[in-house]
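Residues annotated as compositional bias 'Basic and acidic residues' in TrEMBL: 82-92, 677-696. TrEMBL lists 22-119, 618-709 with the feature domain 'Temptin Cys/Cys disulfide'. The annotation domain 'Copper type II ascorbate-dependent monooxygenase N-terminal' is assigned in TrEMBL to 155-271, 746-861. If you look up TrEMBL, you'll see 292-430, 882-1017 marked as domain 'Copper type II ascorbate-dependent monooxygenase C-terminal'. Residues or ranges marked as region 'Disordered' by TrEMBL: 82-109, 677-709. Here TrEMBL flags 1-23 as signal peptide. Marked as transmembrane segment by TrEMBL: 575-597, 1173-1195.
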Amino acid sequence: MRPLTLALAILLVVVATSRLGTAYPTYANKVPNGNGVQSPCNADELWPGVGHLHQAGGGPRNPFGLDLKAEGFKWTQQLCRKDSDGDGRTNGEELGDPECVWQEGGKPSRTDNVTHPGICEPVGSEKCAKLNGEFKCPEQFNCSAIHQPGVRQMSLRLNRTEVPPKETTYMCQAYEVSNRTKEHMIAAVPVIDNPAVLHHMIIYGCTQKPNVALDSPFECGMSAANCFNLIDLWGLGMRPGNCYRDDVGAPFGLEGYQYVVLQLHWNNPAEVTNWFDASGFELYFSPKLRQYDTGVMMYGQAKLDLAPRQKEIYRTATSDSRSSKELLPQDGGYKLLWGTLHMHLYGTRGQVSLWRNGQKVRDLIPMHNFDYDTPIVFEYQQPIDYLPGDEIRTDCYYSTAKTNRSVYWGESTQEEMCYSFFQYFPHNRTKAQSWPNVDLCTSFGKIDYCVTGLQSVKEYIVDGCDVKTLQSGQLIQKYKKDIDSECRHAYQYRCSDQCLAWYRSVKASEPCFNGDPIDYILLYTRALAGYLDLCAERDQRDKLQEAKAEIDELNKRSTPAPEVHNSLLSHDIRLLIVSASYLAGLLLAALLVLVIFRMKRSSVASIESKGIHIRLGTAYPTYANKVPNGNGVQSPCNADELWPGVGHLHQAGGGPRNPFGLDLKAEGFKWTQQLCRKDSDGDGRTNGEELGDPKGGKPSRTDNVTHPGICEPVGSEKCAKLNGEFKCPEQFNCSAIHQSGVRQMSLRLNRTEVPPKETTYMCQAYEVSNRTKEHMIAAVPVIDNPAVLHHLAIFGCKEKPNVPLETPFECGMSAANCFSLIDLWSLGMPGNCYRDDVGAPFGLEGYQYAVVQLHWSNPAEVTNWFDASGFELYFSPTPRQYDTGVMMYGQAKLDLAPRQKEIYRTATSDSRTSKELLPQDGGYKLLWGIMHMHLYGTRGQVSLWRNGQKVRDLIPMHNYDYNTPIVLEYQQPIDYLPGDEIRTDCYYSTAKTNRSVYWGESTQEEMCYSFFQYFPHNLTKSHSWPNIDACSSFGKVDYCVMGLKSVEKYIVDGCDVKTLQSGQLIQKYKKGVDSECRHAYQYRCSDQCLAWYRSVKASEPCFNGDPIDYILLYTRYSSNGDTRALAGYLDLCAERDQRDKLQEAKAEIDELNKRSTPAPEVHNSLLSHDIRLLIVSASYLAGLLLAALLVLVIFRMKRSSVASIESKGIHM
């Protein structure tokens, strides 16, 4: 792990020739032509800092700037008619508003020849020389080294690109610069094309080719592709170029940087359109190498959380001596050339000092008065030794006295930083590209980033936690299984009941889940961090809820005054507010794989009378490990096969139990002496003898394990009577595969080791067909390891999958980018021979690629298991009459409370969907249907509706059994017409569980779906959106209606859900999220974010009911960062909102109880609960991003002297 690759670009802070920095002008829009003022020194340039002596703004104000401030930064008649600079022209005349009629936002009467109102012109005249005082025009670029023989010049300019109409844009372009052995870059000269918009430019060095197209502009955020080494920069007000000192240079070539990325920061707060820019640099390279390569180091504190209304807050960080001892050159360390301290607007003072052997050596940066607008670079007259074992301490002081907001670490000026930077030599580029990197040894609380990466440090204990266990992944692995089982409910990203219980137990026992270590974990982990975050919020909320309930009970006992009692009732109503956020997700392939297992037909008279046949499915055996050799029982029908469902009549398990299964159940599913010595199937051999355990105990035999529940030989007269209606499974028989021209193809997994974990999905992709069109007519499984294989599935792909072909890969429950389920096999199925008039389309008019997916079930976590299972597929060159497809309907929003006898959930497809998407000449013909729930499902019904009236039942499931899924075949295909609706009703019982149950993929979670095979299938429509094959619901929201172009507005619970689909809702609240919630990577619901959340929740119907849950579902996993951010903060603030309201309710109850003089026991209880309520959240996220903000501030300006500092040998 390299934590600070996240913050490398913070190094853009300084360049050796910088001294006084500049800040971007903030009041230019407050005066006419404020962004178009000509420089009094060069008519070809602009002077953006119109109110400052520095061209870029920031630092001392000029006379006009002082007058503007005196007028409250408003363009008034008095300011307009005044001659601030004394050159004989009024400010209005100079700025193009001689009549003083301009108003903010308007157009001045003149936009050309806009002269400077704060600097007397001409600056060289005797009069103006006196009036301008110490002001001098910026020096011109002068660098004799670039004229030396052999110096190479190269132009790096952005291709002319339109500037987006938004406040901040980072635009980048990558270049190949040098393929020579080695050369030094010795100068960089900016070329400014659009000064009205350009804030700064940076050059990053890359040792490898960037992961973007060369010579092509791309929006890059604040990072620049995969290049993290700052080489040079330009910012408003800096010298017109950078000429390196004679003994240093930036290394380029095969022994340096071969590529660079140019980054431009555009600042367009007025969101002006039709602006373009083509700025860049002219670079100069010398083939004559200089003595040293140079580098820049960064130290400081990355964990900042400053409370509001505080006069002074102190934060510090000291680098760890172990880092410098191991990482610095042992023959003299580094030589420091200059240093600078960086904070933002709340910074007031600071100090950076050098320590050796526990003693302070000297001050490096004595910053008694810090001013963000005038950052200072301290140059050392003699380089300062920074030796192995030394420490650098960075002290920062802040004042938040004038803000009501908490302030966190972040990139904007409204957030804060605490960093010190030093230029040094000799720079080791190789070490700067590895981790740990001494250039980036900042701290996070008490944790030093570099120490976490030192191989010589085996244990790194902070607050009782060995932080190295996070670095090595041990801590994550330690709790991964718990996260997966207790917290990860498919895509329901929330702190559930069981996740909260897990969180509380580990927080009490795990030191790494407290103090600085927990914040560090939250910074650098994802799933673990997310649940820790949410559960920290919910833990406080629930404890407050418990405290409130206990106070209510105590108040009842002590008969409180009427006003207290009434208050409690009103607060009870307030406390009924429920969380707005839980997530659900849909994986078509996964669901079908789990449920549709076609088995031998069985008749049920009550259903068959309606023209429906039943095919029983199978479920994986659950008790095979309870008996000896349970996974190795030979099939009584075929000695070459196993019978995994040892206790069932079905080979795969599930369905009716055989005599041995009944006896096993009677013994409580335990292998007892009585069960061992019994002959369950009556064939003359005890169960122990058949299972290889004739004496009881460890199996004495593992071969020739016969079936204890089915009498053998099955064909004998005796066994025929004992086995009753049992019949061996039908063998695969498909005459069509023997027809002329049928092509056979083997799709088998390369032999792969089975991981020692409960569930694994392993996939492999293949190119199957490039013919015009052919139909797959049969699929026969080839089972290599029956002990581990749960099921096989084939997914069809129209395009080449985004994975290497014929190479196994772990795929989860999805299969690369292939989502069309074609066929599957599960235990007990011999193979699938398609009916004569249908087939799966392959070739150029169908699927050209396929992915085979294997589901391995290894609950005992056995090692050294391998598998090479797959399918034999058969293709007919003669297309059949119809292509077939599978549709899915149902409810994806499930949240089932525990201990409930029955819970009902339903979903009805929207008639607008079928009306628009089904074929208009007859709709679809349904061939069969199946209903799918998990272990909590008890009954259900799926029905067809037309014009508001029920047409018929499609799936009457009066008793649902997960272990025996049933496929209902229709004797005559059922018409599903345009405008029809399908309603899916599901019933559950959670009476035997103390856990809430959510939608999810595991059997401990739930689903509510119905599936139908149909014809004719339209392959093109099934790969577009909306897709009639996947029109399930999320609460009241129908997924397919969201995609219908004919539906312009889709109102659900007062919200037009279409505004999410179009992106309007995200854009509407983007600015609020950015300004109120996004504190860099501090992923938490801050005070201001909570206030924003409450205001929009009260006014925005889309942030309530089913719409908010739908928003959270589809924003959290969006590829758009703005979209994900909105979801994340809505999640966290929903939790915090409840917690804070409970806190407020508790405080009010306490106050009312005081007024009513409650009984002593109530008073004491309140005190004890006050203590409990002091528990604080363990989670806030801090982060470091690569393209750091110091670019915004430290710009090199003219030198300024400070005698009190220079007396210490420091030149400022």
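Positions of Cβ are set from backbone N, Cα and C atoms, glycine also.
Packing against the compositional bias 'Basic and acidic residues' (677-696) from elsewhere in the chain are residues 627-630, 633, 658-660, 662-663, 671, 702-712, 718-719, 722-723: each is 6 or more residues past its ends and has a CB under 8 Å from a CB in it. Within the chain, the compositional bias 'Basic and acidic residues' (82-92) has long-range Cβ neighbours (under 8 A, six or more residues past its boundaries) at 31-32, 62-64, 66-67, 98-100, 102, 115-121, 127-128, 131-132. Per DSSP, the secondary structure of the compositional bias 'Basic and acidic residues' (82-92) breaks down as 2 helix, 0 strand, 9 coil. Summarising model confidence by region, the domain 'Copper type II ascorbate-dependent monooxygenase C-terminal' (882-1017) averages a pLDDT of 90.
Sorting the domain 'Copper type II ascorbate-dependent monooxygenase C-terminal' (882-1017) by DSSP state (H, G, I as helix; E, B as strand; all else coil) yields 7 helix, 75 strand, 54 coil. 155-271 is the stretch from 22-119, 155-271, 618-709, 746-861, 882-1017 with the greatest number of Cβ pairs below 8 Å to the domain 'Copper type II ascorbate-dependent monooxygenase C-terminal' (292-430). Secondary structure of the domain 'Copper type II ascorbate-dependent monooxygenase N-terminal' (746-861) per DSSP (helix as H, G, I; strand as E, B; remaining residues coil): 0 helix, 62 strand, 54 coil.
Look at the compositional bias 'Basic and acidic residues' (677-696): DSSP puts its residues at 6 helix, 0 strand, 14 coil. Mapped onto DSSP helix, strand and coil, the domain 'Temptin Cys/Cys disulfide' (22-119) counts 20 helix, 4 strand, 74 coil.
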